[in-house]
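Before any comments, here is the structure.
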């Protein structure tokens with residue numbers, strides 16, 4: 001889905017009419033979530049669980065953060081496994097993701113990215129997924145998303161917030177982008193990471209610091225050095241905030257002839273793939289997209305337009321560059337040590 005414009009009004013203190021009209025539904029949504037979390041009895045996994053989650057619906061950059069944390073922990077000798085819901089996939093799990101066998105329609109796009117870095121499990125029931133990961137050899141679990149899911153106890157919870165958009169109009173879904181009230185989320189957070197550049201996240205950062213929650217800043221950087229010498233490019237993306245991807249490309253020196261955006265987790269049709277191929281030829285441009293979008297094009301039938309688009313498009317793998325990363329890792333190490341002493 002595309003985020004409604006009234007979720008992020010140009011005037012930060014204004015409340016658009018649509019948000020006011022939908023506020024009662026937001027109240028019901030928030031109340032249902034609080035009741036669900038209040039009644040839940042979280043199951044504790046046999047290994048430490050680190051959660052990387054969002055406060056808002058849409059893309060805040062949590063997956064690059066999860067990948068960066070995994071790389072740091074693997075370098076320390078941890079047997080890291082990812083656990084995720086697999087948004088957009090048909091599998092309920094628990095199931096271990098196999099990139100050679102599974103497509104995005106099976107397990108979702110993000111699990112395919114995670115599986116390239118560490119063993120990854122998709123499970124609608126997180127506690128069952130954690131148990132499956134432990135049986136599969138996990139020594140530590142990173143849960144990508146699931147901050148609002150009360151089924152599995154977390155040993156260290158990280159909230160990821162986009163610095164450029166913050167908490168938007170501050171309303172709950174569907175009146176705004178919030179999955180829960182800010183104070184409720186902060187009461188369970190051990191760290192806050194602001195991704196990207198901007199000041200819209202300053203307010204929640206101040207509230208986090210007032211509670212003694214450490215705040216870290218992060219920017220997205222390519223995992224490998226890109227070669228943009230043979231531009232221009234037609235960039236396309238179906239992610240939460242595609243403009244962030246386009247901005248990153250420009251900052252890296254790419255000449256963008258055109259950009260084409262799709263809804264988050266969009267499954268490309270044959271006609272859409274063909275239109276992208278034709279438009280790139282008309283512009284004399286090379287195609288470039290995100291790793292997530294490329295994951296959704298994988299396993300397309302050979303010679304189909306989607307297969308040709310997958311073959312033609314350059315993809316930009318990214319990781320989060322987290323400021324004061326050693327401090328964050330030290331706090332995670334402490335939480336992991338405490339969990340193992342239980």
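The backbone N, Cα and C atoms fix where each Cβ goes, and this holds for glycine too.
Swiss-Prot has this to say about the protein:
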type	residues	note
BINDING	56, 57, 58, 59, 60, 61, 62, 63	ATP binding site
Neighbourhood of residue 62 (ATP binding site) by C-beta distance under 8 A, where only residues 6 or more apart in the same chain count: 52, 53, 54, 144, 145, 160
For the binding-site residues listed here, 57, 60, which shows the highest count of neighbouring CB atoms within 10 A? 60
Relative to the Cβ position of residue 59 (ATP binding site), how many further Cβ atoms are located within 10 Å? 23
Reading the DSSP string in three states, the entry for residue 57 (ATP binding site) is coil
Please give me the CB contact count at 10 A for residue 63 (ATP binding site), counting all chains in the structure. 26
Would you identify which of the binding-site residues 58, 61 has the most other C-beta atoms lying within 10 angstroms of its C-beta? 61
Enter the number of other CB atoms within 10 angstroms of the CB of residue 56 (ATP binding site). 25
With a radius of 8 angstroms around the mean position of the C-beta atoms of 56, 57, 58, 59, 60, 61, 62, 63, what other residues of the same chain does the ATP site pick up? 54, 160, 162, 240, 241
